[in-house]
Amino acid sequence: LARMGLPALALLLAAGLLHTQASPQARSFQLDYEEDCFRKDGAPFRYISGSIHYARVPRPAWRDRLLKMYMSGVSTVQVYIPWNYHEPLPGVYDFAGDRDVEAFLDLTAELGLLVILRPGPYICAEWEMGGLPAWLLWKPDIVLRSSDPAYLAAVDSWLHVLLPKIKPRLYQHGGNIISVQVENEYGSYYACDYEYMRHLLGSFRALLGGEVLLFTTDGTLAEELRCGTLQGLYATVDFGPGSNVTEAFGAQRRVEPKGPLVNSEYYTGWLDYWGEAHASTSSAQVARGLEEMLQLGASINMYMFHGGTNFAYWSGADFKDQYKPVTTSYDYDAPLSEAGDPTEKLFAIRTVISKFQPLPVGPMPPATPKYAYGRVALQKYANLLDVLDVLCPSGPIQNKFPLTFEAIKQAHGFVVYRTQLPRDVLNPALLGSPPHSICDRGYVMLQQEYQGTLERDSQTTLRVTGRAGDTLDVLLENMGRISFGANISDFKGLLGNLSLDSSPLSNWLIYPLAIDIAIKQGWPHSAQPESSSRGTAGPAFYTGTFKTPGITWDTFVKFPGWSKGQLWINGFNLGRYWPSRGPQQTLFVPGSLLHDDRPNNITVLELEGAPPAPFLLFLDRPLFNRTLSRSTVTTE
């Protein structure tokens, strides 16, 4: 070296060819089975991590949320990648804008956070179909999450697109991704297909290399750990503050006798289902469990640290004896609220962390400002059935019997099924469907008059009267494909034939609706209202505009007197509202969607019935709980 002279030495250093401490070759993240810990660059390491899902947070807010997590004392963030968010159709990929996962990962690195990546292919996450693309179901007999060749072929082509984006960001290669999870709680799935897990292990190794730490996460039951773990993948567990920590880690020790103790999902709260009470977990209980695990030297990821929002049609559903769709809010009673605000729980967690490691210097960034834009009057634009030409420009599909969403290649949203009454029905006849064939809600119109709603696992019949040749329309709504708890593929639409007093109806016209495409193109604000639209019952579009007083702050919109539907502001689909069922009463509206220099366009698709003088109310705080909204109705 002495003979080479400084310029040559500098070139070698710049090229990373000399093994100095700072060179990427010195970077490692490994398991230590002797000392029962992780080792980062050779030194013992324990992570305190929090989950955040970029798909549930608008891109302009990413930095704010990540900075608040960093200032809370977490060293690491745990991130899911939803396959269906990035491959909407086979071979069609979307990594732009809110879907730019590489930009999100770069931001975590810029802020000094490490990353635990969970690329699936199945993620659960209470996300539509657990992150699996609906187009997999175009092959109706496909066995999801198994070694079914059709499923594996789709998985492999996706991993070949995704994982090369990840590899240069691995810790070993100078990035900040310290570990990668394979699949997700596979032990909770009925298939228990070791061939599938072995195949994934091979694909991940081939595409990410031999050094990256790969792991699994499962519940603590023996059966879950039997089917979810695999030689070559480090087994971790997940459990919440209600669990006995010693017993739970005892379950991990039965499958991993040596190595670090890891809780990959320590639940800071829980999700909400439509029609059930708002879930909450006390800050004291969460803090107590966290401290107990940290005292054992465990590595912990808090699920969720920031929950965010299930915008558009992305909320999933659980199946626990019945179909249970998840609310639009994914607040999760997490340390950072749905709107990204620090809560009492965050400060309780930060206090616990401070007992084990120094906190970053500086103040916690404050809550983002909120604004109550107040009352905005809406007007009816048109009944949904009057604008089928706009919403289904290619016209209907004809078939003797109804076809599923998947059979007509419609992933999300809505489809109209139309037929005619075959005979006079002067006495009320029973319009019905076989069990489990309304997926998930059917809004029934006869001669354009709303008759009522059919619903999966509950209301499956209605009484109707009419004349031969009368038009029967059923608008089918997909409320989100099952993400956890079902052993079957969750097809949507009319899965069986409707019948009238047990005689099947046939000769259907099926209209797949492209509502979001029309709204993105400026409809209906760019069109004239349909003059014939009277009455407020049944599926219809309502429009309105509002101006902001020169500021675009976050806000929450309430739906006084509305029933159920979907909301768009400035073309962005904010998700499902359902105040009549609750518990969620308001939708979160990120300020980044709003204009301060021109009117903001509101479009509402109400499915059952709007109030006589329809308006929306923009508040500066959310109402998550139906009981809360009842007590405040009088003041608004």
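Using the three backbone atoms N, Cα and C, a Cβ is placed for every residue, glycine included.
According to TrEMBL, the protein carries these features:
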SIGNAL    1-22  signal peptide
DOMAIN    38-355  domain 'Glycoside hydrolase 35 catalytic'
ACT_SITE  GLU185  active site, proton donor
ACT_SITE  GLU265  active site, nucleophile
DOMAIN    402-513  domain 'Beta-galactosidase 1-like first all-beta'
DOMAIN    539-596  domain 'Beta-galactosidase galactose-binding'
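The DSSP breakdown of the domain 'Beta-galactosidase galactose-binding' (539-596) into helical (H, G, I), extended (E, B) and coil residues amounts to 3 helix, 27 strand, 28 coil. Taking the Cα atom of each, the residue listed as 'active site, proton donor' and GLU265 (active site, nucleophile) are about 11 angstrom apart. On the 0 to 100 pLDDT scale, the domain 'Glycoside hydrolase 35 catalytic' (38-355) averages 98 in the predicted structure.
Residue counts for the domain 'Beta-galactosidase 1-like first all-beta' (402-513) under DSSP (helix as H, G, I; strand as E, B; rest coil) come to 0 helix, 58 strand, 54 coil.
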